[in-house]
Every structure is written in C-alpha cells, then in structure tokens.
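> Quick one: the structure is below, questions incoming.
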Amino acid sequence: MMSSVKIDKFADLSKDNLCVKLYHPDFLYIGNRDFLGVIMSWRSILISQGGKLSLQRKQMLIQQSNNSFTVPLEDIAVIVIESKETLITAPLLSALAQYGVTLLTCDEQFLPCGQWLPFGQYYRQLKTLKLQLETTLPQKKQLWQKIVQQKIRNQGFVLEQVGYFNETKRLNRMANQVKSGDKENVEAQAALIYFQTLFGKTFKRSEENNINAHLNYAYTVLRSAIARALVLYGWLPQLGIFHRSEVNPFNLADDFVEPFRPLVDLMVWQLWHTNQLTSGLSPNTKQKLISLLHHQMSFQEETFSVLAAIDRTVGSFQAALTTPNANLLKLPEILPLKEHQYE
C-alpha cells in the first residue's frame, strides 16, 4: 500500500525510502535516499523524480514509488517539472490555474522550455488591456528609463558586494546618465563593464559556458514568476514596454525582469567564486537558484521576498499607467544575499 504524507513546512520526516530534512522552517528536501525526488521551498517546488501529480481536496497529490505527498495549492507559487516520467492530471492543471500557480516543464537538458499560466483571473482585464494599448510612446520611454536606471544601480550594488568599489561608482554615474528610452543604450555599455568585472575580461553573455547556463536557468525561473504576477493582475504579457518581439509571448515580463537579474548574478558569482559551480546544473544548485524567489529585496524602504517584490512592482505599474506618471512605477533594490524571514 502506498503511504501518504501531508507536507507541513515544519515537518521533519523519515521513512523506509523517504528522506525529508529540515534546513530551515521554510525549506524542505523531499527525496529518495539514493537520489533526489522533490525539492520544495515554502512556495516553489522542483520535481526531478518521476511520478504522478493529481488533485486531492484543494491539494496537489504527488505520488512517487511507494509514497505520496500532499501540498496545499494555496501555498504554491511556482512548480518546475524536469522529470520526463512525470504524469499530471487535467483537474490539477485547472486547479493550478484557479490558484494562480505557474508550472514550468523542462527539456532534455533539464532547462525550462514551457510554461502553464493562469488565464482570466483578474476581474477587470479589459481595463488593463486598454491601459496597455493606450500607453503612448513617450510614456513607454519614461518607464523604460526608470527600469534601466534601477537595473544598473542594482548591478552597481552587486559589484560593491564583491569588492569592486570604483566600478560601482562608475555604474552609478552611468545610471544617472540614462535618458528617456535609453536611446544611447547605456544599458548595454553598463552590462559590458559589469559582467567583465564580475566574471573576468574574457566573459561574454552570448557564449555557451557553465556560468551562462546557471544564469539562464535562474533568469528563466525569475521571468516565469514575473509572467505569473502580470497575468494575475490582468496584464497581457505579450505587450511590452521596450521589448516588442512578435514571437515573444512574454515581452512585458522581459521588461520587468531587468532590475531583478542582478540578484541572480550575485548568487551565481558566489557559487563560482567559492568553486561550488558544478559542471552542469546539479539538483542542489538548481534548488539554490530557485530559492532566490524567497530571498530578500528592498522595496520602498521595506524588506520583502522576491516574490512579494515582484507583486508590488507589477501592482505599481497600473498606477503609473492610470495617472499617467512614470514615477509611480516602483522598482526593487538589491540587498545582500539572504533568505527572507516570513512573519
């Protein structure tokens, strides 16, 4: 008979072939003693062992080997499924949409390649769509100016954290030089200085290497969390502020991910600098990268998790368009790497 375990965030369980270790109150490992099965942080889940996912009384039922686990849907923000042997039922997919949960599937290299998002959860979606369609080009340019400025300032903070103080001052000066629409492409100039300072003079973001693989994995998870928030607020993610590719369904998410990216960069630098950056994406490394969603950020002089900062950023977007006033768009500031303490 299959045993059943209800997952509680304070659980510390041990069964014949189930190992659950509590690392802190908001994070659990769940897996077979010989290989990793499920990694769950309070509201994000990585599934790397095959099994079945189904709906059971407003909870996600995870069945693996001879064990089953249930997780309340209201506790979940993001699910990443990388096992090709995982089955998921239609009722669970419907419930995930109703609870505003985003689900990512992975390709043969275990990199996210597809996304399931909620649809029509916002009760005034036509209002937000009209706001997007009626946004003028000058408004978009002013909003993009704010986003680029904050991204560069956050990059400067990262360099300060790792000891490059002169380069930090240089980036801060460049952030102040960004004009409406960033027509001089200060963003790209700052990025060149930033990444070559962080990872060495020969480093290029366009190359296929281990550092970029880790950066891209975490960027994708972050982008998906932002896309989820945009949809929940009624925004059409295809309609971007600056990004406007006709084949990109997440242009707006790509706009808003920019000031959040430096947090990923700081985590990957830390792993690289301490020789913890494994060749290929290990389950432990992926867990650390996904857990960034629960790290701290500063927003309007208060400390929130990344997920909460995303929510508040997207929420301020409506005020910025309604007024209209680009200064009402509020963006996060990077803090030293530390998981947010939920009250």
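Each residue, glycine too, has its Cβ placed from N, Cα and C.
Please treat TrEMBL annotations as automatic predictions, because they have not gone through curation.
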> Per TrEMBL, what member of His243, His273 joins Glu187, Glu258 in binding Mn(2+) at one site?
His243
> Taking the center of the Cβ atoms of Glu187, His243, Glu258 at the recorded Mn(2+) site, which other residues in this chain have a Cβ no more than 8 Å from that point?
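Near the Mn(2+) site, beyond Glu187, His243, Glu258, sit Trp144, Ile147, Val148, Lys151, Phe242, Asp254, Asp255.
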> Compile a sequence-ordered list of residues in the same chain as Glu258 (Mn(2+) binding site), six or more apart from it, whose Cβ lies below 8 A from its Cβ; state 'none' when nothing qualifies.
Ile147, Val148, Gln150, Lys151, Glu187
> Identify, in sequence order, the residues in the chain of His243 (Mn(2+) binding site) that are 6 or more apart from it along the sequence and have a CB within less than 8 Å of its CB; answer 'none' if there are none.
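The list for His243 (Mn(2+) binding site) reads Asn251, Leu252, Asp254, Asp255, given in order along the sequence.
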> Using DSSP, would you call Glu187 (Mn(2+) binding site) helix, strand or coil?
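DSSP assigns Glu187 (Mn(2+) binding site) to helix.
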